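Structure, as structure tokens:
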Amino acid sequence: MSVVTACITPFKADLSIDFAALESVVRSQEHAGNGVFLFGSTGESLSLAYEEKFAALSFVSTLKLNVPLFLGVTATSIQEAISWIEFAQRWPIDGFFVPTPLYTKPGLYGQKVWFEKILSVSKKPIILYNNPSRTGVALHPEVVKSLASHPLCMGVKDSGGSTQACTLFAESGVRVFCGDDGMWPEMRLSGASGLVSVLSNVWPELARDYVAQCRSIDAWKKTCSWLELSVNPLGIKALMAAQKMIECELVRPPLSIRDFQERDQLADILACRAILQAELLSVCVQ
């Protein structure tokens, strides 16, 4: 498994979860052989009530996917994180993505205690998540090194925005997943061996093939740069709606689709799909 898709949570016009669209999203990943990651920032986890997460997890579990299923753990307190993990691990899931706690900005020792406590209660593999732009603090490489030998420490997702941390994480001996679609070739050279992708929501097979070939392609870079112009998941939802993959592009407060200002470039981005497909195919033919 080289690609794990950070899946959107599709909504209806009344902002309730669109379960039919959710099935379509995860089935498309299953068809491509990509892992499924629910309840991350792309999935608007913080805008989902506990009962809604329960309903979505219950629903996806009934689909009996034949690809790995991961869940996000977004919490400000250790009690909240542990409560979610203890509940969710009763379902047929394959692991959790766990960032540093939100807002509190713990240091080296605080992070170590945070992850040690989570590893002590989890019965499923844990992927530590470095995302300082979301949490306010970077994951310390020393924390990763100290936890690397734990049997349930599966690896690190690195969304730190540079290759430096990726190199240090990889030197700890854990598997590193690149958390930035646009940085995959550079991160691969720095030790990453997989991609947690947003773009694969809309192009699952192309993302899989792009990661396998591991080379810089302008059409991919252009699309990633366009997605980064707006806060995630505004761009990916707009792109999926334009391709008729979901009926509604709406996001929940405090996000608003009215903040999406890049609609005039959608036609160019949609054209990137054919260009990317042709480039990937040309390598396969050679």
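For all residues, glycine too, the Cβ spot is worked out from N, Cα and C.
As written in Swiss-Prot, here are the features:
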- S41: site 'Part of a proton relay during catalysis' (SITE)
- T42, V196: pyruvate binding site (BINDING)
- Y103: site 'Part of a proton relay during catalysis' (SITE)
- Y129: active site, proton donor/acceptor (ACT_SITE)
- K157: active site, schiff-base intermediate with substrate (ACT_SITE)
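Across the fold, the C-alpha of V196 (pyruvate binding site) and the C-alpha of S41 (site 'Part of a proton relay during catalysis') stand 12 Å from each other. Annotation: Y129 carries the greatest number of neighbouring Cβ atoms among the recorded positions Y103, Y129 [cut-off 10 Å, Cβ to Cβ]. Note: the CA-CA distance between Y103 (site 'Part of a proton relay during catalysis') and S41 (site 'Part of a proton relay during catalysis') rounds to 15 Å. For K157 (active site, schiff-base intermediate with substrate), the recorded positions whose C-alpha atoms fall inside a 10 Å radius of its own C-alpha are Y129, out of S41, T42, Y129.
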